[in-house]
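This report concerns only the one structure given below.
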Amino acid sequence: MDFRIIARDASCHARRGRLRTAHGTFDTPVFMPVGTQASVKSLSPDELEDLGAHIILGNTYHLLLRPGAERVARLGGLHRFMHWNRSILTDSGGFQVFSLARINRIEEDGVVFQSHIDGARHAITPETSMECQMQLGSDIAMCFDECTAYPVTYEYARESMLRTVRWAARSKEAHTLPEQSLFGIVQGGVFCDLRRDCLERLVETGFDGYALGSLSVGESKEEMLSVLEAVAPGLPAASPRYVMGVGTPEDLVEGVRCGVDMFDCVMPTRNARNGMLFTVRGGIQIKNSRYADDDRPIEEGCSCYTCRRFSRAYLRHLFLARELLAYRLNTLHNLHYYLGLMAAMREAIEANAFDRWRRSFYLDRENREPAEE
């Protein structure tokens, strides 16, 4: 992996970079569409590439349970399995274990849990997480960590953070695939001193990149922003900085302001399937009756396939009729919006105009459409 900073904005910590993996180069800050089960829901790999996606995320937990990492390896690895020739980042499985599965035990060795699919009992340790991610063959792997819940006491957050640090060291020791980069994950809940302590310890171990985990897990926006502002700028400047599972367009803008390079979130794809579509002025719920006779596209001037061809009225009809095309068209638009948002921020940073761009971004959102019915 090679990561280089191309430009910095003088008004804040925002930075424009370029990251090269074994499967290509992409510009940062970047948004990674989530391909939970070796698929970004409703879209083909060719469509993702046409949208301008250069890296996607795969979920180790889901792929471990079905179809199994060993099977994916036998079939040539995740890139070949899903016919995606660009970069892939896999998470460690930690977040899904703590959010989806029924946990039986958290031990020093790892986590024993029951599958959310069939109730079968499994265990994930730092070593098995690394083995799975190496079998999948992603370009970037994540250390196995404990996803700290919210709310927790300071004492538990510290205990959890220290366990994550120990698991990170074991993850690094077990990781033996040279062409696959390994990122450490900074934990500590909403306690900024614990986050800084965790970061110091991870830097001592040494990783190719560093991520902030366990954000947007129930804490307030103010608490999340406080952690971002206090910790993100202190992540090693020469390494990629990643905030996991975040978030809204506003979250991405504030993350970039704080110096974050990489983001992933299910929001654009999940919201698309629920009929919530993103525009520069905010979100619209396409099922609302006000769009029944609306002949306009989702967003005037949007160049996505959906907006160039279809009206809000048609999209509303498809959604209410539960036509599969609704999910595809909505997803195409939402990912086009998210990827375009990142491109606009990269351009603003390169022009040393991020602060002005950010003010314009929020001004547009103040001019929302009238309240929906």
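Any Cβ shown, glycine's included, is placed from N, Cα and C.
Annotated Zn(2+) binding in Swiss-Prot involves Cys302, Cys304, Cys307 plus, out of the candidates His317, His333, the residue His333. According to Swiss-Prot, Asp91, Ser92, Gly93, Gly94, Phe95, Gln187 bind substrate; the candidate from Asp50, Asp139, Asp145 that the record adds to this site is Asp145. Looking at 175-181, 245-251, 294-300, the range annotated in Swiss-Prot as region 'RNA binding' turns out to be 245-251. In Swiss-Prot, the region 'RNA binding' annotation falls on 269-273 of the listed ranges 114-118, 269-273, 369-373. In this structure, the C-alpha atom of Gly93 (substrate binding site) lies 29 angstrom from that of His333 (Zn(2+) binding site). Under the DSSP three-state reduction, Asp264 (active site, nucleophile) is assigned to strand.
Sitting within 8 Å of the Cβ centre of Cys302, Cys304, Cys307, His333, and not among those site residues for Zn(2+), are the Cβ atoms of Pro297, Ile298, Glu299, Ser303, Tyr305, Thr306, Arg308, Leu332, His336, Tyr337. Cα of Gly94 (substrate binding site) to Cα of Cys304 (Zn(2+) binding site): a span of 35 Å.
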